[in-house]
Amino acid sequence: MAFIRKKQQEQQLQLYSKERFSLLLLNLEEYYFEQHTASHIQYKGSHDERKIRGSLKVCSKSVIFEPDAISQPIIKIPLRDCVKIGKYGENGANIHFAKAKSGGISLIFSQVYFIKEHNIVAPYKIERGKMEYVFELDVSGKVDDVVETLLQLHRASCLDKLGDQTAMITAILQSRLARTSFDKNRFQSVSEKLHMECKAEMVTPLVTNPGHVCVTDTTLYFQPLNGYPKPVVQITLQDVRRIYKRRHGLMPLGLEVFCTEDDLCSDIYLKFYEPQDRDDLYFHIATYLEHHVAEHTAESYMLQWQRGHLSNYQYLLHLNNLADRSCNDLSQYPVFPWIINDYCSTELDLSNPGTFRDLSKPVGALNKERLERLLTRYQEMPWPKFMYGSHYSSPSYVLFYLVRIAPEYMLCLQNGRFDNADRMFNSIAETWKNCLDGATDFKELIPEFYGDDVSFLVNSLKLDLGKRQGGQLVDDVELPPWASSPEDFLQKSKDALESSYVSEHLHEWIDLIFGYKQKGSDAIEAHNVFHPLTYEGGVNLNSIEDPDEKVAMLTQILEFGQTPKQLFVTPHPRRITPKFKSLSQTSSYNASIADSLVSPGEESFEDLTEESKTLAWNNISKLQLHEQHKLHKEAVTGIAVSCNGASVFTTSQDSTLKMFSKESKMLQRSISFSNMALSSCLLLPGDATVISSSWDNNVYFYSIAFGRCQDTLMGHDDAVSKICWHDNRLYSASWDSTVKVWSGVPAEMPGTKRHQFDLLAELEHDVSVDTISLNAASTLLVSGTKEGTVTIWDLSTATLLHQIPCHSGTVCDTAFSPDSRHVLSTGADGCLNVIDVQTGMLISSMTSDEPQRCFIWDGNSILSGSQSGDLLVWDLLGAKISERIQGHTGAVTCIWMNEQCSSIITGGEDRQIMFWKLQY
């Protein structure tokens, strides 16, 4: 569970510092500057005194004294309530005592808070009335500096306008940061090379801690200005698994670093003062990670979820993370849906659709009568309009659920008080009812409701959370009748989340929270419109000049809640439940999500749905270059990739076959069969053998395991231009005007026995054949010739079905549509022609200003590689180019796409291979 783990991490840090003090004792947006060992001096009469040893903390809005003895309360004096601050004995005070106790600092004030007496977490005790406290520093020489600092901060706290207060405190903070820098003696090694250093704040729930960030070639460091909770936080870059840019207060200032694959709890969350500093640090770390860590996108997670390789719970965790939700930021805490609608029955029937909440509607629209009232108000409201006056996720809602395990956070958020006992999280059923009926309550749930740790439901800390109106003490959360225990409640909630009903409808809720119904007309139609300040881009804080307005706006953004970053702009596909492997959780956050992840190239993706492919092709214009490598000395002519995606094989006119490791980014092998160009390559099933065609009239079989040419097929009288393979049959096209079909019986043991080949058929052409392609079932073959003719063949009878002279020059590439109903061909004349397979009719033709040398398509959209090196996205129905993507510096000569349609590799005359990814 995200919050519980985060709290445990902070407790470990607190054990390191051996303090009761925490940043949660500060006000929101307050900073802790420095501490001094000191004694609080209490008087009995004029000369009798009592010393309480401890630590004096100077903060931007308060002075905090933490006694060493836990029986004594922590003292917090707000600076705004101070009447006078100075050295004890000045201005008519006891001069004799002042000389004797020269380390004394006097604070005269009207209000003081007493906190954690006997180390018990409870509402703060407040004492009012004019009083004086004296603190004696162990190092008397620091008294003048501390007094001067306190007077400066006191002046800031007493300014009339909140904006002026914030501006002055910020100036003081920046001055302190400017006078210091990262201590290079903290480097782990003298050989470390500094890449960059800047100012930032470490973010934890409700609080931030300023300091210096430093990144070297091996380590990321953060040194808090105040040395709390430890002098330096360090993360070895080798341990980093994920890094994300974050919004903080809707501003692009956050950066979160994870050393785990599957946890919402990061190892550090940093907030920068300038976006450029954030981007520069991200670049340094991301550059290091490029060679070590695989990248995950919403698309890759979606495809895995759709096929059942991720549970509903795991998928929602990943979407939250990608949408800037973090357990470090309570205004953007991970959001999960209410699933169950029945909290009254004694048995929970997960086979009954009535048991479940309608996931196609936001919480605010579940009650028809309430929605009608809200819509009436919405219609009468001036611009900007919104339907709901509160959000579905906010810091107060998160702590409403978690008060029993995070009471200090609640006290921090609510100025030292718990909420009214009747407004606490008392009952699951009551909370759900209020979400359905309440005028301003539209909250969703948090991940803890589908986790394993029941502590947020049980008052194990024995907190005094007050009495309800009926006299009942607030204790454990009241569970529904169908739950026999907190453990049973969580297990049944998890079962409900992973149920068939939810699997079939979860995409509807994703559309609302992370998808296309989040904004615009679709959001209005779905009754899913919240206050403009909750949306990314809803306000530009930098454009607000009035400091008061800016502070008020930022406070509202942080406290009101924020809408997740939009991940999808088209309808999210449904889960295909008949093929869905149930992954009902057994260990939630502790489960290793990595165990259930499958890389995009693995065979378990063979059940890829057409719906997923359609989604990928709908977003083909968002293709982004991921990396590129120059492997050859001449043009690349062929690309083949192993099933697991780890090895990439390429052929070239430089006569070599290359084997490139995707993981190490290194060339592993370079093989030459003759001094003639190689024209294409493919991998046999099992990834043990690579076949290459050559201009020397031969086809070569290369054993990967044994590292040698295993066999050579000398089957043509001129250059072999293209080869295909299916079901132990080899299809070879040649400039000798033939396409030959061979039966290829693989060797029983690679490298130990030669292949046996028999010529099954010879498909005669009038001129050189430059390209061939098979349909999905390998029952049809299409060929393209040097003179522009496209021919469709029936392989079962080795007969010609249609011969279409549709190009004025060489046919560059051909391919069947996935349903085998159409053939697309491109030529040196710049034309893209669509042919109906059944009739042989040319039914569509598009023209470009340059040849399209190669392509892939899904029957509706086309991605082609042009003579100029660009990739073009074509809308076949609209008969137009919808996107031009800059690519190679020479012609694109070959193109490969994986089964998931998410990863693309291109080769070009510029000798480069380029790796592309879909980003959506």
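Glycine residues also receive a Cβ, built from the backbone N, Cα and C atoms like all the rest.
Remember, TrEMBL labels are computer predictions, not curated facts.
Each residue of the domain 'BEACH-type PH' (189-286) gets a DSSP state, and the totals for helix, strand and coil are 15 helix, 51 strand, 32 coil. Look at TrEMBL and you will find 189-286 tagged as domain 'BEACH-type PH'.
The domain 'BEACH' annotation in TrEMBL covers 290-575. For the domain 'BEACH' (290-575), the model's average pLDDT works out to 89.
Among the features that TrEMBL reports, repeat 'WD' is placed at 713-743 (among others).
According to TrEMBL, the repeat 'WD' annotation covers 762-803 (among others). With a cut-off of 8 Å between Cβ atoms, the residues of this chain six or more beyond the repeat 'WD' (762-803) that come close are 718, 721-722, 724, 726-727, 729, 731, 733-741, 809-816, 818, 820, 823, 825, 827, 829, 833, 835, 837, 839-840.
For the repeat 'WD' (804-845), same-chain residues at least 6 beyond its ends with a Cβ under 8 Å from one of its own Cβ atoms are 613, 770-777, 779-780, 782-792, 851-859, 862, 864, 874, 876, 879. According to TrEMBL, the repeat 'WD' annotation covers 804-845 (among others).
Counting same-chain residues at least six beyond the ends of the repeat 'WD' (885-920), those with a Cβ under 8 angstroms from any Cβ of the stretch are 295, 297-300, 303, 568-569, 600-601, 605-606, 608, 612-613, 616-617, 619-641, 645, 648, 650, 652, 660, 662, 680, 851, 853-856, 858, 863-873. Taken from TrEMBL, the feature repeat 'WD' applies to 885-920 (among others).
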Using DSSP three-state counts, the residues of the repeat 'WD' (885-920) come to 0 helix, 20 strand, 16 coil
Across the repeat 'WD' (713-743), DSSP labelling yields 0 helix, 21 strand, 10 coil
